[in-house]
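Everything on this sheet refers to the single structure shown next.
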Amino acid sequence: MEVEIATIGGYEAVGRQMTAVRAGDDVVIFDMGLNLSKVLIHDNVETERMHSLDLIDMGAIPDDRVMSDLEGDVKAIVPTHGHLDHIGAISKLAHRYDAPIVATPFTIELVKQQIKGEEKFGVQNDLQKMEAGETMQIGERTELEFVNVTHSIIDAINPVLHTPEGAVVYGLDKRMDHTPVLGDPIDMKRFREIGREGEGVLCYIEDCTNAGRKGRTPSESVARRHLRDVMESIEHYDGGIVATTFSSHIARVKSLVEFAEDIGRQPVLLGRSMEKYSGTAERLDFVDFPDDLGMYGHRKSVDRTFKRIMNEGKENFLPIVTGHQGEPRAMLTRMGRGETPYELDDGDKVLFSARVIPEPTNEGQRYQSEKLLGMQGARIYDDIHVSGHLREEGHYEMLQALQPQHVIPAHQSLKGFAPYVDLAENQGYKVGRDLHVTRNGNMIQLTE
Ligand SMILES: [Zn+2]
């Protein structure tokens, strides 16, 4: 059977991930993501109303025109998890394919919300839920399997396409977490089985994000301990404490909520995306928040809550807000600019349970936000965080587990591929032979 990989997006920079695998006449698409930084760099761009081709020209969504060179029918569109760089282009591209969108329940719910917000295209694709550990027939001789992985968002999987030539493992976005705060540990047992059963692994497509960092990415339980240490150290502070993190990072939000109560403060979630992700996770029973946990997204209800906090005493609350990257319209940035009823005083604490995404726009905005908060006297606690991506030893362990015939580095720029290429070559792979360093819009034929 012919097996071919189309590397459509995310092979020149992080963002707008999209890869298609053809096995015989059947094609499966993995991810359809958005590169948000290409959107935000323009003022007042509203992607909801934009046409796909304009967004492709901006570099914001994958240029899927290469799909017309791929013979066969698309049988499924499979986003691996709910981060925007993996699902953000579905509302702009999925309607071009007569295929269902297949994903885990939390991811499907986020896809559904995204499609609802789309104003240009009517996306009618079927939405099919599939849990980690389940399989689905794709063609007569091909099957799709979801393997549970751990990442900075819940319900993440690595999809595997089983073909008569071996398995194609799409390995984007995971860390090896054996003690996650929410959800199950990564299913390394299943990866090892896939590496040894039948024809083994034909191809492994890997996220190279932290390949240049030594050692292993710590578990979420380490970030949780770090957070507990910080919060206990300020337990007796009798002024304002404010925290921010990735809204989609439900495990982290859960830790913040729990520790707020431990130090005698009432947690409250503020900001549109805080309300969206935590509300969704709670509704789908992925997390058990206290019954009286307030979540407010709309400007008016947020400001009303801030007023209440000021009236009842800042020392009784922990607002958990958006703005960990210094996004100009996010809640923490507005607090820094003094645009909310919440008044910061000398010595008040601001906790960033996040790391700055190393990109000039984020770095600049975050710098500005911290300066503004600092000018009001706030003390900053930074980097209370662990990454969601594998480091060097995680990558090594994955290669050991899967023993793939071919490897394709992804989810990075050429510069970002380099440390992974080094590691893979040290494991016996060779660029140009079985280690395929590629760009957006290429085809790699693996078997004939
Ligand atoms: Zn991700």
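Backbone N, Cα and C define each Cβ position, glycine as well.
Annotation comment: TrEMBL describes His81, His83, His151, Asp173 as Zn(2+) 1 binding site. Residues or ranges marked as Zn(2+) 2 binding site in TrEMBL: Asp85, His86, Asp173, His411. Summarising the annotation, TrEMBL assigns substrate binding site to His385, Val386, Ser387, Gly388, His389. Annotated domain 'Metallo-beta-lactamase' per TrEMBL: 15-226, in sequence order.
Each residue contributes its Cα atom, and for His151 (Zn(2+) 1 binding site) and His389 (substrate binding site) those atoms are 7 Å apart. Spacing of His389 (substrate binding site) relative to His411 (Zn(2+) 2 binding site) is 11 Å (Cα to Cα, whole number). Candidate binding-site residues: His385, Val386, Ser387, Gly388. Nearest to His83 (Zn(2+) 1 binding site) by Cα distance: Gly388. Excluding His385, Val386, Ser387, Gly388, His389 themselves, the residues of that chain whose CB lies within 8 A of the CB mean position for the substrate site are, in sequence, Ser152, Arg175, Asn210, Thr217, Ala223, Arg355.
In this structure, His83, Asp173 are the binding-site residues from His83, Asp173, His385, Ser387, His389, His411 whose C-beta falls under 6 Å of some atom of ligand 1. Working note on the binding-site residues His83, His389: by count of other C-beta atoms within 10 Å of each C-beta, His83 ranks first.
If you take the Cα of His411 (Zn(2+) 2 binding site) and the Cα of Val386 (substrate binding site), they are about 19 angstrom apart, rounded to a whole number.
Spatially close to His385 (substrate binding site) yet at least six residues away along the chain are Ala223, His226, Thr245, Phe352, Ser353, Ala354, Arg355, judged by Cβ distances under 8 angstroms. Taking Cα separation as the measure, Asp173 (Zn(2+) 1 binding site) is nearest to Gly388 of the binding-site residues Asp85, His86, Ser387, Gly388. Averaged across the domain 'Metallo-beta-lactamase' (15-226), pLDDT for the predicted model comes to 95. On the backbone, the CA of Asp85 (Zn(2+) 2 binding site) and the CA of Gly388 (substrate binding site) stand 14 Å apart.
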